[in-house]
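Record features (TrEMBL):
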type    : residues              : note
BINDING : H66, D104, H313, E317 : divalent metal cation binding site
Amino acid sequence: MDLRELVSALNDFASLSLAESWDNVGLLVEPSPPHTVNTLFLTNDLTEEVMEEAVQKAADLILSYHPPIFTPLKRVTWKTWKERLVVRALEHRIGIYSPHTVYDAIPHGVNNWLTKGLGACTSVPLRPSTAPRYPAEGSHRIEFCADNAEHLDKVLSKIKDLKEISCLTTLPARVEGEEQTRVSLNCSQKALLEVVALLSQNSLLYHKTEIVLLQKPLLPHTGMGRLCTLSEPVSLSDIIARIKSHLKLPHIRLAVGMGKTLESPVKKAALCAGSGSSILKGTEADLYLTGEMSHHDVLDAVANGISVVLCEHSNTERGFLSELRDMLASHLHYKINIIVSEKDRDPLQVA
């Protein structure tokens, strides 16, 4: 499969528009075209050890969940390990693609996979994603009434000359017993200022002006984190056993909420793969599940009676790769070979 065709298919599988604004997602390293991809190599973190594995397995494209290029590179030399990754990739004609927070947000992504460690439950995003576009053109709607047809025609003529104006309509209206014209239009944030300036210059023209901020619709089952409601309450100790089994971990870190014990029931659990403090904070739940949290955020949760389970950052993400392999194979109609790294692992271990 041609690289550009594959990248397009990956973007169809999960839209890059769902990424957080601070993230760096998509195709990060591209060998000179044409570039055919026969083997897609999946990893959570692209380390030098993992890169060597990808070279040995003749990978043509690496899908690295975490972007190996995050802060801008000022040069590409052999001096730092991230620069060496780019050098090695280009030398061996291997592309690098990263989805990161896109896969956090999608309904069939990392956080959805993490909920399966809790047992039977229903879940909703903690911070829902919005559609990439407004339901109509423009970000604002302006409506006003005018009772002077001559002035109105002049102002409408000027408004029509502005850029980023759409859905301009006029309708007859009766306001306080007087025949008037109701004007409605959509505009961008920039055009809004220009329209308001025009109306202000004709202060006798408009009455009861309304400016409405148009909202991008929420996307169902899409967004950061998940708030999970278990079908049946279970003890904290049972939830811990389920999480360890799902993530295939012998150990987790646990902070028991104030006034709670290992036998306390868990009905609601809030989770976020990776580093979830900013998403979880302030959520009412019996349990927070994530990879890592700051010391003080853990203290806050415990003081509010919320137990915290920490599994280390990438341990809450890596297991998703096997599920991803199967989903991508189907999405790509089994046209290419997809393998999961055997060298990829969390850098932290219990000593």
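Each position is counted from 1, following the chain as shown.
Here the Cβ of each residue, glycine as well, is placed from N, Cα and C on the backbone.
Apart from the site residues H66, D104, H313, E317, the chain places the Cβ of N44, Y65, H100, V110, A273, G274, S275, G291, S314, T316 no farther than 8 Å from the centroid of the site's Cβ atoms, the recorded divalent metal cation location. Ranking the binding-site residues D104, E317 by how many Cβ atoms sit within 10 Å of each one's Cβ puts D104 at the top. Compared over the binding-site residues H66, H313, the count of CB atoms lying within 10 A of a residue's CB peaks at H313.
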